[in-house]
Amino acid sequence: MASLEELPLLPVFDGVKLAALATVLYVIVRSLHLKSSPAPPHVTYQDTPLNRFLFKSCQILTQEYIPPLLWGKSGHIQTVLYGKMGRVATPKPCGVRTFLPMEDGATMTFDIFEALGDHSTQDDITMVICPGIGNHSEKQYIRTFVDHSQRKGYRCAVLNHLGALPDIELTSPRMFTYGCTWEFAAMVSHIKREFPQTLMAVVGFSLGGNIVCKFLGERHSNQERVLCCVSVCQGYSVLRAQETFLQWDQGRRLYNFLLASKMKKIILAHRDTLFGTKSSRLDDADLNRLRAATSLMQIDDTIMRKFHDYHSLKEYYETESCVQYMHNISVPLLLVNAVDDPLVHPSLLAIPRTLADKKANVLFVLTQHGGHLGFFEGAVLLPKPLTWIDKLIVSYTDTLCQWGRQPPACKMQKV
């Protein structure tokens with residue numbers, strides 16, 4: 001039996017435990033955004049016949065995006081799960097790898113995956129896909145999207161970033177950079193020659209979004225036979241983004257360090273080809289600076305800009321960013337971002353929003369949740385194998401194919 005002296009302490013002790021539990025629950029609710037309700041994406045657009053048709057036929061644009069209840073409203077968890085797990089129950093589509101020699105001696109590769117059935121409109125459409133930084137066709141999020149597209153009647157072509165595949169050696173002292181479009185252009189030219197009847201839906205993820213938008217905006221001829229372009233989770237201007245990547249807000253400085261470590265690993269895997277050869281622009285001093293680098297900006301300044309003889313980091317970032325090319329794109333352009341993407345600072349989202357306000361062919365779709373290339377869906381805990389972004393891209397492209405078969409009267413702007 002408790003003594004009389006101990007009895008008054010029990011309520012106090014229980015109160016402390018209750019307060020601690022309440023504090024923990026409060027932190028969990030706040031950090032996981034459990035009180036946030038599912039909502040449709042916010043879409044910036046102009047009122048045109050095509051956009052009205054899109055909202056009527058591409059219903060995912062107006063439906064709620066429902067992430068898993070317990071963790072899906074955290075941009076960090078969505079991003080980390082994408083980075084570590086990729087996707088759930090990832091399929092393994094079978095493709096054919098093509099090797100193409102480049103003028104500077106480099107050898108680029110891409111994989112082609114044929115459709116697994118007819119398209120709903122019987123059109124011949126090729127999804128031309130540019131993955132994110134250091135990624136390739138074997139990444140799980142790419143495999144999931146390719147499999148979904150194949151089953152919906154699309155052929156897929158996936159660029160393998162130069163130097164990204166672990167079992168493919170570089171044949172020249174150059175690898176992929178933030179905005180070099182040479183390899184993507186070579187893949188597009190090959191597809192046009194091999195499949196003369198096909199139209200192309202151009203899709204870019206993260207860094208790949210910058211490359212595809214820059215490619216289309218560089219020359220009007222690059223847009224020939226392009227049905228549409230979709231960019232997912234890019235930052236649009238690395239010059240503006242560089243300062244935000246040094247901030248601890250939303251952990252961007254940590255993500256910067258992790259991405260820099262990934263890039264160092266890729267570069268060092270090819271150090272015998274990249275450093276010290278007669279045709280190389282890099283030397284042993286650059287190699288030592290690379291090993292000491294802790295940010296993407298240091299790596300870009302020490303290594304990446306020199307592949308194309310940029311005199312400064314500022315010149316490299318200005319020239320390689322798609323922001324100065326996007327206004328030249330005239331095909332339907334879908335730009336997708338998430339508010340809780342920890343890699344893309346909210347200030348950068350003014351770029352696609354302004355573009356969609358000015359250009360009738362642009363839709364800017366902004367979800368509250370999804371993180372960086374996550375966009376997992378689910379009920380409470382377990383995510384579904386297919387993500388919201390996979391479905392959105394295919395549904396958007398399907399709708400544009402249907403639009404192409406509408407009578408001319410339906411495409412006229414009402415006054």
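Each residue, glycine too, has its Cβ placed from N, Cα and C.
Here's what TrEMBL has on this protein:
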DOMAIN    126-379  domain 'AB hydrolase-1'
ACT_SITE  S206  active site, charge relay system
ACT_SITE  D341  active site, charge relay system
ACT_SITE  H372  active site, charge relay system
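Counting in whole angstrom, S206 (active site, charge relay system) lies 8 from H372 (active site, charge relay system) by their C-alpha atoms. Of all the active-site residues listed (S206, D341, H372), S206 has the fewest other CB atoms within 10 A of its CB. Counting only the Cα atoms, the space from H372 (active site, charge relay system) to D341 (active site, charge relay system) is about 5 angstrom.
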